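Remarks on the structure that follows.
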């Protein structure tokens, strides 16, 4: 769905109970042309919603058993005569088979629920094509973004919107009322020219996830290659040791937290850049660049991918002791210690480092889980704006800080150990600290009273360089007007 779709007004959003002006006539008859899966699910939902349903089929005797007993299954011509609102649940290729019913269909409302197999497969939308075949009818595009499964189960699972468009306002209102009685939320998408956009929506595969997924894959490949060089290629070249067995678990497990950590910082970096832009230009009304605007809109998806990588890192870490190579290394270490007659291998610093490292990591994963859960529509809709902002912003920055502590305790003092620099390449975790630390430092600066107050004023409408009128008393006691800049 495009960015402006959600801003369009809902049709008939008020309650329909007790308001006879908005409630469809009791026992209204609705027609359905077609006998496929969608037509059957539509008939079931209409019957359960209290409508009388007449199904038109070319072979009613064979199809009658597929529909609920409360629905009347008859020939298409008979079904059309008994109702003024007809759902056309047939494929575009079969529209021409309805041309024989043109005279009977005249003056009726046709609801086109069809979709294409490809985006922009035809020059004109299916609804516009149907309207061209039946000019004496009023065509409404709707219900094509709702699946047959949703129709059968109802609109209980999440927010189920029905996008509606037509050149006839009264016909749109009628279909919107039917959608409301069925338990769905109608959304007015305007005139029939919007039908092509509506028909393309079900064909898009996660359009908001394309850029975040490519970003995550790019980061994963970069860090994976970097870790592969340090953990596998370096030992092979310098010491002729075969460490290829590390690739499936160790190298991947070293890469996942890097991606999760950087992705989490990329959730809050665009907000920092937006604040810097507002402070620099002294206004909130200047448009952000397109790349920043797109970045801001993809923060939710970036954050969920960050949580996904962090969860995988936790699972991989739990599986590390289960590997055969790890058990061999433990036995080898124990044998060396026995040969060297080392009775006490307890290192206080290392013990505390590992305890803190694991504890902080668990807390960070818990906060990321909370951020991911509250981003779900069903949870977010139950929170007011202040609660949602506190969790996603305040707790989000706390999660970033704790993730930074998790990274620092992992590195501890190894950043200053020259043995950690393989091919003169620094440890991976030191590279991941760059962006998160920049974001945290910027947030600290924005918290300073002088910066925070100025940013709040800008976001409340104040603009640098804007002139405001004022009135001053003169020496004679009379008042004179003047102008001054609001940034004085």
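The backbone N, Cα and C atoms fix where each Cβ goes, glycine too.
TrEMBL annotations: computationally assigned, not manually curated.
Remember, predicted model here, so these are calculated numbers, not experimental data.
Per TrEMBL, the listed range annotated as transmembrane segment is 211-229 (candidates: 211-229, 230-248, 325-343). When TrEMBL is compared with the stretches 429-451, 452-474, the one noted as transmembrane segment is 429-451. Taken together, the residues of the domain 'Ferric oxidoreductase' (259-401) have an average pLDDT of 92. For the transmembrane segment (211-229), same-chain residues at least 6 beyond its ends with a Cβ under 8 Å from one of its own Cβ atoms are 247, 251-252, 254-256, 258-259, 262-263, 266, 294, 298, 301-302, 305, 309, 422-423, 425, 428, 431-432.
Long-range neighbours of the transmembrane segment (429-451) within the same chain, counting only residues 6 or more positions beyond its ends whose Cβ lies under 8 Å from a Cβ of the stretch, are 223, 226, 257-258, 261-262, 264-266, 268-269, 272, 275-276, 279, 397, 400-401, 403-404, 407-408, 410-411, 415. Taken through DSSP, the domain 'Pyrroline-5-carboxylate reductase catalytic N-terminal' (29-116) splits into 39 helix, 23 strand, 26 coil.
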